[in-house]
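Participant: Got a structure here, written out as structure tokens. Questions coming.
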Amino acid sequence: MDEKKALQYEESKRAEEITDIELVSVGGIDVEKKYGETKRALKSRHVQLIAIGGCIGTGLFVGSGSALSESGPASLFLSYVIMSFVIWTVMNALGEMCTYLPLSGASPITYIERYVDASLAFAAGWNYWYAYVFLVASEVTAASIVIEYWTYAVPTAGWIAILLFLVAVLNSFFVKWFGETEFWFAIIKVIAIVGLIILGVVIFFGGTPKHDRLGFRYWKHGLAFREYIVKGASGRFVGFWSAVIKSGFAFILAPELVIFSAGETEAPRRNIPKATSRFIYRLIFFYIFGSLTIGVITSSKDPRLLNAISSGASGAAASPFVIGIQNAEIPVLNHIINAVILTSACSSGNSFLFAGSRSIYSLAKEHQAPKIFKYCNRWGVPVISVAVTVLFACLAFLNASASAAVVFNWFCNLSTISGFLAWICVLVAYLQFRKAMILNNLWETRPYKTPFQPYATYLTLFLLALITLTNGFTVFVGHTFTAGNFIAAYITLPIFLVLYVAHKLWSRNWSFGKRIEEIDVTTGVAEAEALEQMYPAPVPRNIIEKIWFWIA
């Protein structure tokens, strides 16, 4: 009976697909065209800047201050190195799968269902969606806190409403508008971080009004690895591991921004590899060098930093970058950096709303969510998905009646662990994809290849599993246990499990993943190759264009 039910479920899915499809000819090949399809309007330069700019938010500019104060500069730096490796591996896995099969409306959810299991895709898909909801809420909350650095004239709820309306509008019209907005937001963030790193070098060598050569002063006298919660070597390890977990928020669900945009990108087989292959250099420069700069210019025991964290201070007041600049007695820059932080929070909220709406849109296309979420307006935007994501992002209004810092930390914890679970699912899908491609003698035909596989994936899976299971370990250390912190740290795990089991019960498909020989690695490839022919590579006419085409 169970097998019959599972067969009926699969047949109903195929029947729905048939009623939603018409065929058009592209390059002489019949290609599926879904009604209400998104449109490929994002260009290479949009994808390149989304790859790095969309994820640079409050985690790096503000959230790093908490990790610095608790763990010390060396722990902060090493935590960013470790998380950069994790992100690089996840990006490579997604890049290979997406470049091989860049279907319209495809997402990580598509590949998890195709290569692993429909139930895992269901759980991962909804996990993606509510993680992005939390991220939109957290970035909007952060932006409202940043504005309060200048004025309290408008209530917090007012700023949250204005910012939610702004990102909703940017995500409701041409996707090109979203791409252009993120392009310029990202340029501002990149220029700011480059400037801050250069300024950090100047401060390091004493080129400030005080002429005080800092060097690695704040790494000495036992401050490099600070004791946290408990004393001695155990305390230093607790501090280090706490920094690793907290640093995850600065990166969380960043690789997926590129993959969610792939279905709306011109020439995805050319532009997605370009974005993913250069991601490692951006990680090294912006995140690793950025965290090193923070540890050089700001002491983990700085009174301003500690007071800002304990009081839930707003924006630049809690940014270790700004505190280091103020200590160097450089005027005005604190307001400039606060403006950059505000831009970053708005930009990240905008990007996360885009990804969240595409998550539920992709779920609907995979028949894992109501059909209404597949509806796209005449500009190719899934407006129902956007509206529902914005509606739930109104959780940010909790900030109007609770401590901003407390609510911000709740959202950080929930979204971070959801992101870790999503990455585990992606890497499992990649290993299945790899095995199926090898079995079908197609492994060497994939258009984009990444190094150190599958070993990097196995190591990253181990790290992610360890981080996920221990993310709330500090509540068990010393006398710091609180029910709120415990729930925030681990509530995502039972939610994910309930989603997975519920789908198994509904579909009556009790297999734990597809057998390798059952995995389809050919359907859709001809369409992808035909699509590639529609977008010939641009030929540079001069040295300036050659440089620009390399960058973007």
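The backbone N, Cα and C atoms fix where each Cβ goes, and this holds for glycine too.
According to Swiss-Prot, the record shows the following:
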| type | residues | note |
| --- | --- | --- |
| TOPO_DOM | 1-48 | topological domain 'Cytoplasmic' |
| TRANSMEM | 49-69 | transmembrane segment |
| TOPO_DOM | 70-73 | topological domain 'Extracellular' |
| TRANSMEM | 74-94 | transmembrane segment |
| TOPO_DOM | 95-117 | topological domain 'Cytoplasmic' |
| TRANSMEM | 118-138 | transmembrane segment |
| TOPO_DOM | 139-149 | topological domain 'Extracellular' |
| TRANSMEM | 150-170 | transmembrane segment |
| TOPO_DOM | 171-184 | topological domain 'Cytoplasmic' |
| TRANSMEM | 185-205 | transmembrane segment |
| TOPO_DOM | 206-239 | topological domain 'Extracellular' |
| TRANSMEM | 240-260 | transmembrane segment |
| TOPO_DOM | 261-278 | topological domain 'Cytoplasmic' |
| TRANSMEM | 279-299 | transmembrane segment |
| TOPO_DOM | 300-335 | topological domain 'Extracellular' |
| TRANSMEM | 336-356 | transmembrane segment |
| TOPO_DOM | 357-378 | topological domain 'Cytoplasmic' |
| TRANSMEM | 379-399 | transmembrane segment |
| TOPO_DOM | 400-410 | topological domain 'Extracellular' |
| TRANSMEM | 411-431 | transmembrane segment |
| TOPO_DOM | 432-457 | topological domain 'Cytoplasmic' |
| TRANSMEM | 458-478 | transmembrane segment |
| TRANSMEM | 481-501 | transmembrane segment |
| TOPO_DOM | 502-552 | topological domain 'Cytoplasmic' |
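Give me the structural setting of these features: burial, nearby parts and distances.
Facilitator: Beyond the ends of the transmembrane segment (49-69), by six or more residues, the same chain brings 42, 75-76, 79, 138-139, 142, 146, 179, 182-183, 185-187, 189-190, 193, 242-243, 246-247, 249-254, 257-258, 261, 275-276, 278-279, 282, 286-287, 290-291, 294-295, 298, 300-302, 305-306, 308-309, 315, 318-321, 323, 337, 340-341, 344-345, 347-349, 351, 412, 552 to within a C-beta distance below 8 angstroms of the stretch.
Among residues of the same chain six or more beyond the topological domain 'Extracellular' (70-73), those with a C-beta under 8 A of the stretch's C-beta atoms are 79, 218-219, 223-226, 228, 236, 239-240, 242-243, 246, 292, 294-296, 300.
Within the same chain, residues 64, 67-68, 108, 111, 219, 224-226, 236, 239-240, 242-244, 246-248, 250-251, 254-256, 258-259, 276, 279-280, 283-284, 287-288, 290-292, 294-295, 423, 426-427, 429-430, 450-451, 453, 456-457, 459-460, 463-464 sit at least 6 positions outside the transmembrane segment (74-94) and bring their C-beta atoms closer than 8 Å to a C-beta of that stretch.
Sequence-remote contacts of a segment are chain residues at least 6 beyond its ends whose Cβ falls under 8 Å from one of its Cβ atoms, and for the topological domain 'Cytoplasmic' (95-117) they are 34, 37-38, 40, 124-125, 128, 256, 258-260, 262-265, 268-269, 272-273, 275-277, 358-359, 361-363, 365-366, 368, 422, 425-426, 428-430, 432-433, 436, 446-450, 511-514, 519-520, 524-525, 527-528, 531.
Non-local neighbours of the transmembrane segment (118-138) in the same chain are 58, 107-110, 112, 164, 167, 252-253, 256, 348-349, 352-353, 355-356, 359-360, 362-363, 366, 368-369, 389-390, 392-396, 408, 411-412, 414-415, 418-419, 421-422, 425, 428, 492, 495-497, 499-500, 503-504, 507, 509, 513; each lies 6+ residues outside the stretch with a CB under 8 Å from one of its CB atoms.
Distant neighbours of the transmembrane segment (150-170): 136, 140-141, 143-144, 177-178, 181, 335, 338, 346, 349-350, 353, 386-387, 390, 393-394, 396-397, 399-400, 404; these residues of the same chain sit at least 6 beyond its ends, with a Cβ under 8 Å from one of its Cβ atoms.
Over the topological domain 'Cytoplasmic' (171-184) the predicted model carries a mean pLDDT of 87.
Listed as Cβ neighbours of the topological domain 'Extracellular' (206-239) (distance under 8 Å, sequence separation of 6 or more from its ends, same chain) are residues 70-75, 295-301, 328-330, 473-474, 477-478, 480.
Non-local neighbours of the transmembrane segment (279-299) in the same chain are 51-52, 56, 60, 64-65, 68, 72-74, 76-77, 79-81, 83-84, 87-88, 91, 190, 193, 196-197, 199-200, 203-204, 214-219, 223, 247, 250-251, 255, 258, 305, 320-321, 323-325, 327-328; each lies 6+ residues outside the stretch with a CB under 8 Å from one of its CB atoms.
Beyond the topological domain 'Extracellular' (300-335), the same-chain residues lying 6 or more positions past its ends with a Cβ under 8 Å from any Cβ of the stretch are 61-62, 64-66, 68-73, 145-150, 196, 199-200, 203, 208-210, 212, 218, 223, 226, 293-294, 341-342, 403-406.
Proximity of distant same-chain residues to the transmembrane segment (336-356), defined by a Cβ-Cβ separation under 8 Å and at least 6 residues beyond the stretch ends, is recorded for 50, 53-58, 61-62, 128-129, 132-133, 135-136, 139-140, 142-143, 146-147, 149-150, 163, 166-168, 170-171, 178, 181-182, 185-186, 188-189, 192, 196, 253, 256-257, 260-261, 315-316, 319, 321-322, 325, 386, 389-390, 393.
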Participant: Using DSSP, break the topological domain 'Cytoplasmic' (357-378) down into helix, strand and coil residues and give each count.
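Facilitator: Each residue of the topological domain 'Cytoplasmic' (357-378) counted once, the result is 13 helix, 0 strand, 9 coil.
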Participant: When DSSP states are grouped into helix, strand and coil, how many residues of the topological domain 'Extracellular' (139-149) land in each?
Facilitator: 9 helix, 0 strand, 2 coil
Participant: Residue list, the topological domain 'Cytoplasmic' (261-278) vs rest of chain: Cβ under 8 Å, 6 or more residues beyond ends.
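Facilitator: Residues 38-44, 46-48, 50-51, 91-92, 94-95, 98-99, 102-107, 175, 179, 255, 354, 358, 380, 447-448, 450, 528, 531-532, 534-535, 537 contact the topological domain 'Cytoplasmic' (261-278) from elsewhere in the chain.
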